[in-house]
Amino acid sequence: MLAGFARHFGGAPTSLWSAPGRVNLIGEHTDYNDGFVLPFAIDRHTVMAARLRDDRLLRVSSAFTEELIEISLDELSPESISGWSAYPLGAIWAAGAFGADLERVTGIELYLVSDIPVGAGLSSSAALESVVALAVNELWELGFDRQTLAKIGQRSENVVVGAPTGIMDQSAVLLGKSDSVVLLDCRSLESSVIPLGLHDEELTIVVTDTRVEHEHATGGYAARRASCEAGAAALGVTSLRDLGVDDLARAEALLDDETFRRVRHVITENERVLETVAILRERGAGAIGTLLDASHVSMRDDFEISVPELDLAVEVARRHGAVGARMTGGGFGGSAIALIRSSQVGSLREAHLAAFAAAGYREPVVFEVTPSQGATRHPL
Ligand code: ADP
Ligand code: MG
């Protein structure tokens with residue numbers, strides 16, 4: 001980290017920051033429908049060393065490519081940044097879009113190192129946007145709260161990167177707490193932290209990264225979003241959040257089959273999130289398995305965002321003792337999660353490797369995640 005910073009910029013950084021990746025426990029494609037999500041921050045991070053300059057240059061490099069990107073604050077615009085640097089530099093541009101006076105600040109040097117697998121559905125992108133937003137907020141004394149920093153990251157991803165993603169990822173990354181999930185109402189942006197108690201129940205969450213890479217900006221994500229908007233418009237509501245299971249019969253009568261199934265996923269998924277929260281509070285994480293399983297079936301059959309590798313990961317997890325399992329993230333690849341007794345993690349990993357080999361799929365990466373604290377500054 002420090003060596004990488006010195007290689008690119010010379011000398012030492014003056015501050016150190018980190019932002020975690022995230023896993024969504026349940027509530028998929030509900031965020032941009034003004035609904036509910038229940039993600040947690042994980043124990044994998046993007047770490048960033050930073051140092052202010054005394055001119056107007058922004059210089060950013062990442063161990064991901066070791067390429068050094070440089071641009072003046074005076075030239076920063078969504079059109080002037082591209083590639084991976086759209087994430088960190090886009091967050092700075094978006095801070096300006098939210099009212100930060102970027103005319104009065106000086107440049108900065110940023111060096112990034114990450115152990116969040118990229119494109120695996122664990123939101124390496126939000127970690128990157130959030131770590132930059134958090135750091136410049138403090139170093140430039142911009143005065144934004146964490147909710148606004150999440151919106152800044154989202155704006156960057158939407159406008160600069162061009163991926164029409166919701167507010168979930170940045171919220172989990174910025175608001176996460178250890179051994180807890182974040183319930184986020186994506187309409188009001190109200191959030192609450194709900195204890196998971198995994199440790200006490202001797203439960204573990206295992207991520208299986210299928211290494212099938214998704215591509216949000218060009219993939220089916222935008223098409224799903226468009227279907228949801230079309231469904232809401234046809235049903236006369238601002239967003240699908242305004243509908244409940246009582247509206248399903250009317251939706252089925254009005255909509256074509258595909259749009260109806262997209263709408264049904266969102267309506268039932270919102271219900272599952274709220275039910276998960278209720279069960280977590282009353283009975284604990286060991287009792288949420290059937291909701292995780294039902295969420296996967298809904299994404300596979302109604303929303304059609306799963307892929308065979310994700311279905312296999314979920315099926316194998318269920319066969320090998322998981323309390324519940326589902327694909328997580330935007331879909332079309334990425335990762336699945338399984339909630340399982342801690343003592344069964346080793347045998348689940350073996351089973352995943354064997355099943356993927358037998359199916360002729362790429363070897364998956366199977367690892368445990370611990371729900372963790374959100375983005376933070378570290379002492380140097
Ligand atoms: P996910 O968020 O699921 O990991 P995305 O496609 O949304 O996948 O974001 C991945 C992109 O984010 C990468 O292709 C790269 O451009 C950028 N990125 C993520 N982490 C880093 C990093 N540490 N350094 C440079 N770029 C990164
Ligand atoms: Mg992402």
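Glycine is no exception: its Cβ is also placed from the backbone N, Cα and C atoms.
Please treat TrEMBL annotations as automatic predictions, because they have not gone through curation.
Small disclaimer: the values here were computed from a predicted structure and weren't measured.
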According to TrEMBL, which candidate in Y111, Y221 joins E28, H29, T30, D31 at the substrate site: Y221
Helix, strand or coil at H29 (substrate binding site) [DSSP, three-state]: coil
Three-state secondary structure, which DSSP defines for S123 (ATP binding site): coil
Three-state composition of the domain 'GHMP kinase C-terminal' (280-352), taking helix and strand from DSSP: 43 helix, 12 strand, 18 coil
Distance, D31 (substrate binding site) to D169 (active site, proton acceptor) (CA atoms, angstrom): 10
Cβ neighbours of R22 (site 'Transition state stabilizer') where a neighbour is any other Cβ within 10 Å: 35
